[in-house]
Every structure is written in structure tokens, then in C-alpha cells.
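Taken straight from Swiss-Prot:
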- 10, 15, 33, 36: Zn(2+) 1 binding site (BINDING)
- 25, 28, 42, 44: Zn(2+) 2 binding site (BINDING)
- 100, 105, 123, 126: Zn(2+) 3 binding site (BINDING)
- 115, 118, 132, 134: Zn(2+) 4 binding site (BINDING)
- 155-171: compositional bias 'Polar residues' (COMPBIAS)
- 172-186: compositional bias 'Low complexity' (COMPBIAS)
- 197-216: domain 'UIM 1' (DOMAIN)
- 141-151: region 'VCP/p97-interacting motif (VIM)' (REGION)
- 153-187: region 'Disordered' (REGION)
- 254-257: motif 'CAAX motif' (MOTIF)
- 4-52: zinc finger (ZN_FING)
- 94-142: zinc finger (ZN_FING)
């Protein structure tokens, strides 16, 4: 006697047996008999969801817990950086000693990355003020502005000390008069920041630097070197001309029979 209303048929296409005590697959939620309830027996397509494996640290052979959906490589890497007790991991931990001070971040870096506003240490991902919610006040001077200010300080220090070329008497020849360039005194560095923004101060410093690099009047030593070079060139040309004349005036020893 059959009871078609009792139990359920096996979902395996090759079986379809009526089982009074059917079993439900916890992966694909299919109904199967006792012979096909295993994942491998009915070729379950959702068996990978139940195949949970715990990765093992390759250095200390300790199982590393991994949250669902998290890549195991990331969990193993964080374990090596923080909790691994092996010698290579501890040696690496001594190198990466600069811990990020942002809340919730455990990244460590080899060098310090200090914020210019709050003077705190952060990792590469959180080094910008917007990435770590910087609480520092004020707008810091950029590196270009600092470089321009340092150049202006160097120009101001060198312009106050008289150079040896200014103290020496000018050697002017009667046929050639040299003009002395007017002395230029750089304004103090404080004037760069007095009432000027950072961009204006940078532009002012660049103009001062370009003014310092203008070509100067040649010195006496340069004029003497130039005259000596011209004299040597003229003597060489005269010697070659005399040699050419002597060769042309020399009689030929060849005779025709």
C-alpha cells in the first residue's frame, strides 16, 4: 500500500524515491533521501558555503581566526604583524615601529610620517589631514614656501656682506670703459610675511632669486684672460702665414731631362 501524501520525493533526478523521513540539505535547502543527502552524492552547488577552513600561520603554525567574508591572506598578514611569536615576525616587528595614531588603525611604518598641523604620527593611508580628522589649527606653510623663505634669508645674509670684487679698484682700460652695476640690497625676510599671503611671499622670493642670478660685469681677471687668448690666437695665425710664405718661395729641386 502506498501513501503518496506522506513524506517527499528525493530531489536527485536519478532517484526520485518517496521517502517517509526526508532530509533537507543545509546548503541548497533541497529534499533528499538518506542515500543522497550528502553534498557529494547530489553534487550540491552551495557546498562551498559550508566548507569553512581556518588558515594557519606559515611561521608559527597557529590557526588564525577569520571573519566570514574576509580574505584569509589579510588576516594572516595582520597576525604576522601583531601576534606572531616566530623569530622572523619579531625581527620584522622591530623594523616597523612607527604605529599609526588614528583610532582603529594598526598599521606600522618604517619611518615617521608626522602631520604638519597636529604633529602626530600616521601611516601612509592616514597621513593627510582629511584622512585622520586633523584637529590642528592654522594653515601650515608648504615646502615651496619654506624653500623660498630660506633662499630669501640666504640672499639677505649675502647682500649685507661686501664682496671682494666691490672693495677692489676697478681696472678700466682707456679704450674700454666698464660700468658698475648698482648695488641692490634685499629686503629683510620679515617683509615677506608682513601683510602678504603665502603665494605672494613665494612670488616675491622667486623674483628676488631671479634678480640675483642676472649676468654680472666681467672682472679684471676675465678681461686679462680674454686679451691673452686673443694675443695667442694672433701669434699663431702670424706663424702659420710665415710658414706658408716660406714654402711657396722655396725653389724646387726637380728638373726635367
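Cβ coordinates come from backbone N, Cα and C, glycine included.
For residue 134 (Zn(2+) 4 binding site), the number of other Cβ atoms no farther than 10 Å from its own Cβ, over all displayed protein chains, is 16.
The shortest Cα-Cα distance between residue 10 (Zn(2+) 1 binding site) and any of the binding-site residues 28, 42, 105, 126 is the one to 42. Contacts of residue 36 (Zn(2+) 1 binding site) defined by a Cβ separation under 8 A and a same-chain sequence distance of 6+ are given as 10, 11, 12, 15, 42, in order along the sequence. Taken residue by residue, the zinc finger (4-52) breaks down under DSSP into 3 helix, 8 strand, 38 coil. Mean model confidence for the zinc finger (4-52) is a pLDDT of 85.
Remark: residue 132 (Zn(2+) 4 binding site) has 101, 102, 115, 120, 122, 126 as non-local neighbours, by Cβ distance under 8 Å and separation of at least 6 in sequence. Those same-chain residues not listed among 25, 28, 42, 44 yet with C-beta within 8 angstroms of the centroid of the Zn(2+) 2 site C-beta atoms are 11, 27, 30, 32, 37, 39, 43, 45, 46, 47. A gap of 15 Å separates the Cα atoms of residue 134 (Zn(2+) 4 binding site) and residue 105 (Zn(2+) 3 binding site). Considering only the binding-site residues 100, 118, 123, no residue lies within 10 A of residue 25 (Zn(2+) 2 binding site) on a C-alpha to C-alpha basis.
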